[in-house]
Amino acid sequence: MSPLEATIDPVWLIIVKVVILFVILLAWTIFNVWFERRVLAKMQNRIGPIMNSAWAGGVFQAVGDGLKLIFKEMLTPKGADKIVFNLAPVIAGIACFASWSVIPLGGQVSMFGHTTRLQITDVPVAVLFILAVASIGIYGVVLAGWSSAGTYSLLGSLRSSAQMISYEVAMGLSLVTVFIFSGSMSTSQIVESQANHLVVGGFDTHIAGHYWLLLIPSFVIYVITMFGESNRLPFDLPECESELVSGYITEYSGFPYGMYFLAEYINMATLSAVCTTLFLGGYRAPWPLNYFGVIDSGWWGLLWFFLKTQLVIFFFVWVRAAIPRFRYDHFMDLGWKVLIPVSLGWVLLVAAWRTVINQGWGRNPVFLVVVGVILVALIVWAFMGGKTDSTADEAPDEPFDAFAGGYPVPPLPHQVQAPLAGAATATTVARRDHDENGGL
């Protein structure tokens with residue numbers, strides 16, 4: 001199927017799809033708010049939300065929160081740039097919805113007498129479009145902090161921009177191997193390419209070749225980076241309450257605050273949907289249900305897609321309840337010093353492997369011998385290479401001066417107290433001389 005075949009629908013059908021998708025996302029957000037609260041309560045041995053409807057498990061509490069934010073007064077801080085301050089939530093809201101236009105929710109179905117796909121549209125660079133929209137969403141965060149005329153808001157927006165840009169690089173690199181294996185950046189074609197059976201040693205396993213299984217390092221890197229992109233625990237540094245009150249949304253209230261609240265949960269669902277599409281087989285039935293063709297086509301794809309995506313959302317909630325917040329320097333070191341180098345090395349390795357397979361070099365014994373020698377040399381160098389003495393260049397510990405900053409600070413257990421200096425030393429010397437001279 002060509003990626004552009006999904007754009008031949010009548011205009012009225014495209015509008016219907018957009019409206020239905022918009023309603024689904026709003027309802028799904030309400031469900032995910034309730035779902036997160038209930039899961040956190042169960043993991044923390046609490047009751048959780050039961051307000052308004054004990055029989056419904058408290059699901060209407062999320063509805064009440066949304067209505068409350070809609071009707072609350074919208075305040076603008078004194079000194080804020082009013083135009084940019086009000087525009088920032090709109091940018092964040094539009095960006096979180098736009099990515100869903102290229103995410104396939106299912107295969108071909110019959111809708112109002114027309115055969116169509118459960119996807120608004122598809123383009124040859126659909127995944128690149130999703131990454132571009134995510135970059136636009138950063139402006140909604142940066143402009144919110146810059147226009148609020150508040151210290152906490154500005155610091156939160158700067159943290160968020162640095163965090164999202166840093167982890168977007170690693171996320172993009174983790175997806176390159178998916179493009180290499182599928183041969184396309186179209187979301188629908190990537191899903192279809194995962195329907196091929198996994199072949200091991202010439203034996204057909206009849207297991208769908210999902211990329212989470214074939215490209216495990218890429219899958220792990222994407223899962224880590226999606227937490228950084230969504231500003232969720234353990235990477236919620238832009239709005240951590242213990243340091244920045246509420247970060248870049250500190251000065252917002254009412255409907256604009258609700259827009260950021262909505263954008264956070266839709267972004268979480270978007271990243272989960274992208275994970276489902278690129279690594280978990282999309283709307284295809286999981287193994288071994290894929291043996292039954294009846295439940296692996298048509299409207300059944302909608303069920304499998306939402307079940308897989310909800311499973312990833314549950315992982316979001318589980319990590320929030322189980323893992324504490326990272327320190328900022330550790331978080332940035334993880335992105336720049338670990339994830340990006342590992343992603344680059346993995347991309348080179350996968351590209352080289354695909355080249356060897358496509359060119360048929362794997363059958364050449366000379367090539368295999370050369371590769372074996374190189375691998376052995378690398379292993380020997382890694383384990384037998386000279387190691388630098390990490391303690392050789394360390395500077396000796398200097399005596400601790402408790403009055404260096406102007407205030408007395410008690411030394412830590414491993415620090416050495418410096419001798420008294422200045423007036424105190426002079427006074428001590430004068431008293432000693434006075435005692436030695438017999439008081440003269």
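Residue 1 is the first one shown; counting continues down the chain.
Keep in mind that glycine also has a Cβ here, set from the backbone N, Cα and C atoms.
Source: prediction; values computed, not measured.
As annotated by Swiss-Prot, transmembrane segment applies to 11-31, 83-103, 123-143, 164-184, 207-227, 261-281, 299-319, 331-351, 366-386, with the evidence given as sequence analysis.
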When you check the transmembrane segment (207-227) against the transmembrane segment (11-31), do you get at least 3 Cβ pairs under 8 Å, counting only pairs 6 or more apart in sequence?
-> no
Would you kindly list the residues that approach the transmembrane segment (83-103) from elsewhere in its chain, counting only those six or more residues past its ends and only Cβ-Cβ distances under 8 Å?
-> 18, 21-22, 25, 76-77, 119-123, 126, 129-130, 133-134, 136-137, 139-141, 143-144, 146-148, 187, 251-252, 255-257, 259-260, 262-263, 266-267, 270, 273-274, 277
Go through the chain and flag residues at least 6 beyond the ends of the transmembrane segment (164-184) whose CB is under 8 A from any CB in it; none is fine as an answer.
-> 3, 124, 127, 131, 134-135, 137-138, 141, 190, 193-194, 211, 214-215, 217-219, 221-222, 224-226, 228-229, 231, 235, 278-279, 332, 335-336, 339-340, 343-344, 346-347, 350-351, 354
Which of 123-143, 261-281, 299-319, 366-386 has the most Cβ pairs closer than 8 Å to the transmembrane segment (11-31)?
-> 261-281
Do any residues of this chain, six or more beyond the ends of the transmembrane segment (261-281), have a C-beta under 8 angstroms from a C-beta of it, and if so which?
-> 25-26, 28-29, 32-33, 69, 89, 92-93, 95-97, 99-100, 103-104, 127, 130, 137, 140, 175, 178, 187, 190-191, 194-195, 208, 210-212, 215, 218-219, 222-223, 226, 229-232, 305, 308-310, 312-313, 316
Other parts of the chain folded back onto the transmembrane segment (123-143), taken as Cβ under 8 Å at six or more residues beyond its ends = 3-4, 84, 87-93, 95-96, 98-99, 102-103, 157-158, 160-161, 164-165, 168, 171-172, 175, 178-179, 184-188, 190, 229, 238, 248, 263, 267, 270, 274, 278
